[in-house]
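Pulled from TrEMBL:
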- 316-372: domain 'MIR' (DOMAIN)
- 382-438: domain 'MIR' (DOMAIN)
- 443-500: domain 'MIR' (DOMAIN)
- 1-30: region 'Disordered' (REGION)
- 139-164: transmembrane segment (TRANSMEM)
- 176-195: transmembrane segment (TRANSMEM)
- 207-240: transmembrane segment (TRANSMEM)
- 261-286: transmembrane segment (TRANSMEM)
- 575-597: transmembrane segment (TRANSMEM)
- 609-628: transmembrane segment (TRANSMEM)
Amino acid sequence: NSNGVGDGETGKPKLGGDTQSSNGPSGQFLARESIESPSKVLLMLVAGLSFSTRLYMITEPPHVCWDETHFGKMGSYYINRTFFFDVHPPLGKMLIGLAGYMSGYDGTFPFIKPGDKYENQNYWGMRGFCATLGSFLPIFAYLIVLELSNSCTAAIIAATLLIFDTGCITISQYILLDPILMFFIMAAVLSMVKFNQQRYRSFSASWWLWLVLTGINLAGALGVKFVGLFVIILVGLNTIWDLWRLLGDMSLSLVDIAKHFLARAFALILLPLILYVTIFAVHFVVLNKSGPGDGFFSSAFQSRLIGNNLHNASMPEYLAFGSTVTIKNLRIAGGYLHSHWHLYPEGVGARQQQVTAYLHKDYNNLWVVHRQQDNNSQSGNPDLVRHGDIVRLEHKETTRNLHSHLHEAPLTKKHFQVTGYGINGTGDANDLWQVEVCGGRKGDPVKVLRSKVRFLHRATGCVLYSSGKTLPKWGWEQIEVTCSPYLKETPSSQWNIEDHINPKLPNISLSVLKPNFLEILLESHIVMFRGNSGLKPKDNEMNSKPWHWPINYQGLRFSGVNATEYRVYLLGNPVVWWINLASLGLYLTMVAVASIATQRGFSLEHSLVLVRGGGLLMLGWLLHYAPFFTMGRILYFHHYFPAMLFSSMLTGTKLCELSTMKNQLVLNTVRNSLSLLFYLFHPLSYGMTGPLAHEPGSAMADLKWMDSWEF
């Protein structure tokens, strides 16, 4: 068995699970013994080159580069236990924070913007941690390809492609989530492939080890970024095929098959789910102090954060007429309903007082809830505001009423303008709003913090709405508030009562209103999903296209723009990326030829590894690449790197199969060309100063082969 896919002498394909064949294991073990000794030596060589290329000049440049401004800052938040919001799950940032803490970083560096000098901060620990995980990628690639092909040549080609890729080096050397994500993706694939090789040792210690490790790494991948879902799908499809094969093994009883199913369900579904939830449990326990992420979450969520004005506060439980309140929009960064003395400028609707949404706590966020017609002689306990009631909202500072009319909104032209109108309780019919408790019935009271409320304008039938759009300077760059004629319930049209002051009502401690763990877990995911969907490209902002990525069309500037600055540019080694692109087409051609030949009765020695091992890698590439064509969010070049790992491993298997009689020649050719291009392009990864690429004396002179390369 030279390809690791047949079951020894019979040549039957092995796709997962176990079988009772007696001759399969011996063929497998003999094949593995023949490569064991050289593979260990090569593995040590791969490890040495990988760690040396990733850890070289790890402290350069000594300033913030690209997204270090985000993820370094988030690592600091964990050290300081300060709550923040990010669109990704927390594991990667937690590990960065832990690495910083363990290496002596105190969490005080602000990470304000790229280019800020680190000075005397211990940033090397966080960079070194990411580089260490990135150093495992060629090692994992070597082991995966070795398992799939039983060819040291194929394995060393795949590893060499990654070792000498300038893009993989660059993305591994900085405080980023990408090397952490790719570490777990590759570890999950390696564990899956190792588990597939244990088919003859069902329920043995090694069988359980690799199965459980697969589940652990799946949880790790998803815990860093949601794109970890792609490797979960890959493992899931492999498992379905595995179970389907077992179902056709007539030597196994239904009880045996049930045991296999339950073992996989535990290790690949239940265990990752438990670990994933545990990651969030640790996240919530560590980040227990109020911080910049408060405003993205509900008032009830904020009440659990130390330092937030809602923490350990007390206020009336139900909204009543005469209450002074703050009203918070439920969309991400929707803001608090706000007004101030400034008027809308000429030409922007009616020249009345501005009403906006403001992201921060402020006295101008306070509103007083009045009846349609106030009864000033009311005594005793005030009446509660209920679903269906008509109210007038008076801005406490300016005494103007919340008002709308048929003038178009400043930015969202199909919506109506919202203003402040009247004074000291006087106004008109356009100041009246009907309270609607989402999911409620007529007569239901409005609960502070908990009820989702909509305000329907009585005169026009529109609903109070936070568009999320930023007003110009005349609006102090606050958020636009409109009245939307579209009545579908969305977070933008939903509000809740946060602060609530009414001396005539008894106060209750907000601790009784704090959400439980499952509620904050669900809310955090809703906020993350909305945040991801809201990452749209802004005007004049560079948005990379997925078709750019495999051809290495355009890189990404990590640091520096002019001759006096330290410049780092994320770009793949052209030989690596273009060989990978060719191998994808080559693989499809070889599969087509092999399929036709097999159908015509010809026997091809490598057809099984071509279809099985190569198919797994091709599927991995597709799953980590194709979904980006459907995404509406802003995209960047670095999103392609997980897919690039699979295409590099596929290239290793294809180049080896093409020249089985000239393996050493192929290996030397690949190694020499990669080494040469790595030598020429290495300044992109390790940094450069001095003349730019188009100037004489530049380290990158004559290497700007495409106009779209911006180094």
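Here the Cβ of each residue, glycine as well, is placed from N, Cα and C on the backbone.
In the predicted structure, the domain 'MIR' (316-372) carries a mean pLDDT of 92. If you count C-beta pairs under 8 angstroms between the transmembrane segment (261-286) and each of 139-164, 207-240, 575-597, 609-628, the highest count goes to 207-240. For the transmembrane segment (575-597), the list of distant contacts is 161, 164-165, 167, 550-552, 604, 607, 610-611, 614-615, 618, 621, 644, 647-648, 650-651, 654-655, 657-658, 673-674, 677: same-chain residues at least six beyond its ends, Cβ to Cβ under 8 Å. The DSSP breakdown of the domain 'MIR' (443-500) into helical (H, G, I), extended (E, B) and coil residues amounts to 6 helix, 27 strand, 25 coil. In terms of DSSP secondary structure, the domain 'MIR' (316-372) contains 3 helix, 28 strand, 26 coil.
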